[in-house]
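As recorded in TrEMBL, the features of this protein are as follows:
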DOMAIN    33-71  domain 'Fatty acid desaturase N-terminal'
DOMAIN    94-352  domain 'Fatty acid desaturase'
REGION    1-30  region 'Disordered'
TRANSMEM  63-82  transmembrane segment
TRANSMEM  94-112  transmembrane segment
TRANSMEM  257-280  transmembrane segment
Amino acid sequence: MTKIGCGTMGAGGRMSVPPSQRKQESGSMKRVPISKPPFTLSEIKKAIPPHCFQRSLIRSFSYLVYDFILVSIFYYVATTYFHNLPQPLSFVAWPIYWTLQGSVLTGVWVIAHECGHHAFSDYQWIDDTVGLILHSSLLVPYFSWKYSHRRHHSNTGSLERDEVFVPKKRSSIRWWAKYLNNPPGRFVTVTIQLTLGWPLYLAFNVAGRPYEGFACHYNPYGPIYNDRERLQIYISDVGVLAVTYGLYRLVLAKGLAWVICVYGVPLLIVNAFLVMITYLQHTHPALPHYDSSEWDWLRGALATVDRDYGILNKVFHNITDTHVAHHLFSTMPHYHAMEATKAIKPILGEYYSFDGTPVYKAIFREAKECIYVEPDEGEQSSKGVFWFRNKI
């Protein structure tokens with residue numbers, strides 16, 4: 001298992017690193033092996049108990065009902081009692097509500113994400129119906145994201161074909177990057193990423209794969225989608241527009257401040273968690289990216305890292321600490337992912353990555369260390385394998 005630690009590539013199928021490179025890597029994290037794994041996907045699957053691949057409609061709905069109960073309790077308490085609180089206490093109560101509600105709604109978001117992977121039930125129409133309702137309620141175009149996210153899973157770690165958080169090569173770094181490569185600049189960058197990153201990605205494909213033409217998750221005729229998918233993109237747009245209209249009517253009835261406090265701020269927290277989770281799963285100094293000369297699906301799927309969010313692991317239905325298993329078997333329901341992760345660790349060995357750094361530290365560390373990618377130098381280094389760098 002690849003964990004935080006000092007050292008360089010060595011035996012066991014890992015790439016040897018020239019002495020000059022060893023000095024450069026001193027104090028960094030042990031890299032993920034880049035050689036062809038000594039195991040196959042079918043061998044990994046055989047190590048997992050068969051029941052882990054079974055989807056239960058009742059059990060999946062039970063997690064959703066549990067989340068809805070918590071959402072309803074938080075809503076009831078906030079809308080029933082907060083207006084009676086003296087002002088100093090209300091300044092404390094509302095942020096607590098926003099944090100709790102945003103965290104649980106992130107779990108709802110994850111269940112909708114499972115629907116997009118056909119991991120909620122054995123019935124595709126149920127998965128799509130539930131996913132469409134849940135994601136639309138969080139202003140996410142369900143089918144639009146389902147299809148782009150599916151391509152992410154098909155091309156993880158590919159510099160040319162991956163869909164999201166595709167790192168830039170050094171030649172693509174903009175001139176202003178050097179002015180942001182400092183603590184205040186990184187704070188501004190991370191803040192913008194967490195608050196605006198998700199809507200900018202959906203609307204303008206920011207941090208996504210380059211496309212010819214205007215790539216937008218709301219555009220049925222954009223380059224992200226093919227002819228068979230366009231009708232469902234329209235359906236996604238209708239779902240988001242319907243919820244948007246409902247929010248407009250709610251503003252007329254309750255007022256803008258009420259909607260922002262009850263729904264808007266928790267939604268911002270959902271979006272921030274979503275961006276943080278995805279960013280930290282795929283951005284790490286120890287993770288490689290591959291160009292077309294080196295990339296293959298299995299090595300790409302293993303170029304991700306599990307993280308520890310403490311109690312939020314359970315709130316987020318373990319999407320945070322079982323992401324490696326999720327990339328290998330995306331139709332596996334979340335309630336079996338922990339058992340599957342434990343089962344595959346002995347098989348994966350050094351190809352399994354986990355980083356227990358507190359995420360509030362990790363996001364700023366990754367923002368500092370992971371600015372662009374380039375291959376290692378030296379005769380023994382592969383020119384098709386790219387690693388994060390931060391020297392501008």
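Just so you know, glycine gets a Cβ as well, placed from its N, Cα and C.
Remember, predicted model here, so these are calculated numbers, not experimental data.
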Chain residues outside the transmembrane segment (94-112) and at least six past its termini with a C-beta under 8 angstroms from it: 60, 63-64, 67-68, 70-71, 74-75, 77-78, 82, 120, 130-131, 134-135, 138, 140, 142, 261, 265-270, 272-274, 312, 315-317, 319, 334
Whole-number mean of pLDDT values that fall within the domain 'Fatty acid desaturase N-terminal' (33-71): 98
Helix-strand-coil residue split for the domain 'Fatty acid desaturase N-terminal' (33-71), DSSP-based: 25 helix, 0 strand, 14 coil
